[in-house]
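Report on the structure given below.
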Amino acid sequence: MGKGKNKMHEPKNGRPQRGANGHSSRQNHRRMEMKYDNSEKMKFPVKLAMWDFDHCDPKRCSGKKLERLGLIKSLRVGQKFQGIVVSPNGKGVVCPDDLEIVEQHGASVVECSWARLEEVPFNKIGGKHERLLPYLVAANQVNYGRPWRLNCVEALAACFAIVGRMDWASELLSHFSWGMGFLELNKELLEIYQQCTDCDSVKRAEEEWLQKLEKETQERKSRAKEEDIWMMGNINRRGNGSQSDTSESEENSEQSDLEGNNQCIEYDSLGNAIRIDNMKSREAQSEESEDEESGSKENGEPLSYDPLGNLIR
């Protein structure tokens, strides 16, 4: 082989280099893949960032998916963020007054597991504008229906929705099959927060909403108790029970009467019922008639009596 014969050179005319078999070279394929990946990355109107602690499954992590799409940037521990930092370590809640900060500097989140918050070095991350999120319900596949258990994309979307940028919230959530369900699930509550101004007003709205939920829960419990009491004290059921008792007693009495009557009944050879008391009375009558006949005659001869009624033979 000659020296440098297998060395790959960049074509001068800009066309993809082909091998002896007419196919493009492997190096050209790699170059095209990198170009395709860069073209697929999206841009968001404001800066998005996260501190990723690899607590979640990469296939189900919403933050990692946003990173693959090129929508969010991963920060190192020790780096600070100038925009809104949605963090469990925040002091106040996100409010509509934060709109200017969001539009100028963006928003960031902490990508970690709710069960491993104690492992997160909050003193080494964050920024000047750390915020909590008010009461909202998760719609993601892991914590659906659970309050405050939002994942990364839900937290960012909630921040944008509260400050009034529903378009940004919808754009982020559109990359997830369940994403728009988050806005539908919290529609009424987000509209309430959007009508507030500062952090205190959002906090009051949150407390009023929680009191409303508590009241509805107590009402449901009281209604359930009343329904249980009504079922236990149903008059119709009691009446049916007494009627059944009386009917049973009547049946028992009738059965006892029949049994008593059966004791006085016998059957002849043809299966006809014969009452014993009637039979006995008939036998007694026949015996009396026989006695009378025997009294009127004895051995075919008439009987005579003295004046005192004694039989004279």
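Any Cβ shown, glycine's included, is placed from N, Cα and C.
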From the candidates Ser62, Ser286, Ser304, the one which Swiss-Prot records as phosphoserine: Ser286
Where Swiss-Prot places phosphoserine when the choices are Ser24, Ser256, Ser281, Ser289: Ser289
Secondary structure content of the compositional bias 'Basic and acidic residues' (215-228), with strand meaning DSSP E or B: 14 helix, 0 strand, 0 coil
Neighbourhood of Leu133 (S-adenosyl-L-methionine binding site) by C-beta distance under 8 A, where only residues 6 or more apart in the same chain count: Val86, Val93, Val94, Trp148, Leu150, Ala155, Ala158, Cys159
Same chain, 6+ residues apart, C-beta under 8 Å of the C-beta of Val110 (S-adenosyl-L-methionine binding site), given in sequence order: Met50, Trp51, Phe53, Val85, Val86, Ser87, Pro88, Val120, Phe122, Ile125
